[in-house]
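A.B. asks: Attaching a single structure in structure tokens format; questions to follow.
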Amino acid sequence: MEDERKNGAYGTPQKYDPTFKGPIYNRGCTDVICCVFLLLAIVGYVAVGIIAWTHGDPRKVIYPTDSRGEFCGQKGTKNENKPYLFYFNIVKCASPLVLLEFQCPTPQICVEKCPDRYLTYLNARSSRDFEYYKQFCVPGFKNNKGVAEVLRDGDCPAVLIPSKPLARRCFPAIHAYKGVLMVGNETTYEDGHGSRKNITDLVEGAKKANGVLEARQLAMRIFEDYTVSWYWIIIGLVIAMAMSLLFIILLRFLAGIMVWVMIIMVILVLGYGIFHCYMEYSRLRGEAGSDVSLVDLGFQTDFRVYLHLRQTWLAFMIILSILEVIIILLLIFLRKRILIAIALIKEASRAVGYVMCSLLYPLVTFFLLCLCIAYWASTAVFLSTSNEAVYKIFDDSPCPFTAKTCNPETFPSSNESRQCPNARCQFAFYGGESGYHRALLGLQIFNAFMFFWLANFVLALGQVTLAGAFASYYWALRKPDDLPAFPLFSAFGRALRYHTGSLAFGALILAIVQIIRVILEYLDQRLKAAENKFAKCLMTCLKCCFWCLEKFIKFLNRNAYIMIAIYGTNFCTSARNAFFLLMRNIIRVAVLDKVTDFLFLLGKLLIVGSVGILAFFFFTHRIRIVQDTAPPLNYYWVPILTVIVGSYLIAHGFFSVYGMCVDTLFLCFLEDLERNDGSAERPYFMSSTLKKLLNKTNKKAAES
């Protein structure tokens, strides 16, 4: 295998070039065709956005729509003071999802407030509650019909149920009035044909909506927790940022010590977590209800319930113990390689120290990604709301025209109305039959594809920029005297001026794989209801294959961008050269590159774990000094999880710069070994630290 690498089975090694002094400045534009395609795609994307903004109406998402297709609660309309949608017969709605997203086959009107009492039309008609009842009838209702005609024509609901508003819809309050609904079990009314309709089925419809009500309560409580704890969350994120920055600075001067401190601290943090779980597990021994299993308890919106179960703490303890054992075993087997990787981290620390502005570059990437996300989200909303109101025929009795489209203005005098006197033409959903409406699905896919393409382009731009800056440091023979004045800005300018096409090419390949994965996920959700085991197995295999393909393409792109930043070659040439360079030095790749990734992961875990433990003790009022300062919360896990996720993203942003620096220096190190031999005529560009690293790797290879 070693002979094959030397004989050129994986490409020709780089040869000595006395004129090579680092990233090439005299370079030309690469992959121009892809650059043109990207510009045309962006123009098309802007056109799609303009069309969507012209036809779309976000009010369809914000405001519910009644049976006439009019918005509830919109300012400047006759329903301005009627923000809630009331359903005449909620049992006609098959599920809560239908209530939230589509119209149900029952009359719906806009009302000022949801009903707060139980009334039937028969009882209210002959009582003083009739004025209250009339506000839930269709607009313009006149009490000039008999009971049977009113119910047949859908002018008024047969019964009012105490309800609560959710997403501007009125849902029955089943918990508060369950007893009332069940009284008699056969509360009925007479329709125009003398048939009896059992409305106790409303209980079933209300139960289906009950899950949505609980979700709403959960969302409201979470929102309340954010309103009282947002500034403490920001303080926690600032602490995470300060810890990350301090960690980076300490790595600059004490890389070896910091790496071992980081390793020991991660082991101690996990050890404390195991100890805490064991203490909680022991404390709950003998308490009533603590031995209930998680399966028997089921899903609970109040997650604090799970913390009163011994099984929960046992599960946490097992998970943390497994992580502890895995990390300790990896450290035992990688102890010699860790010593070698520390030298590479020291060199990366020096490079970051000389290009300190590189630590701020993730903010640029974050800003550009926010622009991509905002444009994609707004375009998706406008596309999804650019349909037209579709009206369909609804009839409780058998009718051949049921579910057919209709025109509400001409329907009363139409042939369908004469043949089905009980039929109603009411708003069904938003759709359309024009070419634009038929193309909406394709436009949504194009919108998602462009989001992936542009997001990957932004990430690629950041990788090429950082790689160019750190490569300038490595190939400076006298560090830092030969380092350019503004290496980061110079690399950024070169990337945009010469290599937009190459970045677009790499991002395009990755975007195609990602959009295929999205389509596979969509198909998998559609096929879940089917019992075809072969289809499920095939779908699982495809998802796994494309997941692996995406990971490989990301790895290949990352190294290709480093070669682009150094040599200015096109994407395919850079990817091939980077891949062959790594294959020619596969042993060093296994020894050094992935060990540093593991150490950086431990650094992220240390920062996240420390901030997470601090947030846990603070929000659970366990720090006596600030016990009264912590805000009262419904769910203390809300700010804790937010701080943990935010801390990880912040730490990842700082360590991503370090990771790109290590990868760039590693490829430059391998190139340096092939170009030079360390003699006075062909001196190495590497620092003394990396020369020691080279000696250790050569010694290790000779011993093996």
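Placed from the backbone N, Cα and C atoms, the Cβ positions cover glycine too.
Reproduced below are the annotations present in TrEMBL:
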- 32-53: transmembrane segment (TRANSMEM)
- 230-250: transmembrane segment (TRANSMEM)
- 257-275: transmembrane segment (TRANSMEM)
- 313-334: transmembrane segment (TRANSMEM)
- 354-377: transmembrane segment (TRANSMEM)
- 450-477: transmembrane segment (TRANSMEM)
- 498-520: transmembrane segment (TRANSMEM)
- 560-583: transmembrane segment (TRANSMEM)
- 595-619: transmembrane segment (TRANSMEM)
- 635-655: transmembrane segment (TRANSMEM)
A.B. asks: Using a Cβ distance cut-off of under 8 Å, indicate which of 313-334, 354-377, 498-520, 635-655 has the most pairs with the transmembrane segment (450-477).
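C.D. replies: Looking only at 313-334, 354-377, 498-520, 635-655, the most contacts with the transmembrane segment (450-477) come from 354-377.
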A.B. asks: Please give the sequence-distant neighbours of the transmembrane segment (230-250): residues at least 6 beyond its ends with Cβ less than 8 Å from one of its Cβ atoms.
C.D. replies: 258, 262, 349, 352, 359, 603, 606-608, 610-611, 614-615, 618-619, 630-631, 639, 642-643, 646-647, 650-651, 653-655, 658
A.B. asks: Let me spell it out: take the transmembrane segment (313-334), skip the flanking residues so only those 6+ beyond its ends count, and list any with a Cβ under 8 Å from a Cβ in it.
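C.D. replies: Residues packing against the transmembrane segment (313-334) from afar: 263, 266-267, 270-271, 273-274, 277-278, 280-281, 284, 294, 307, 595, 598, 602.
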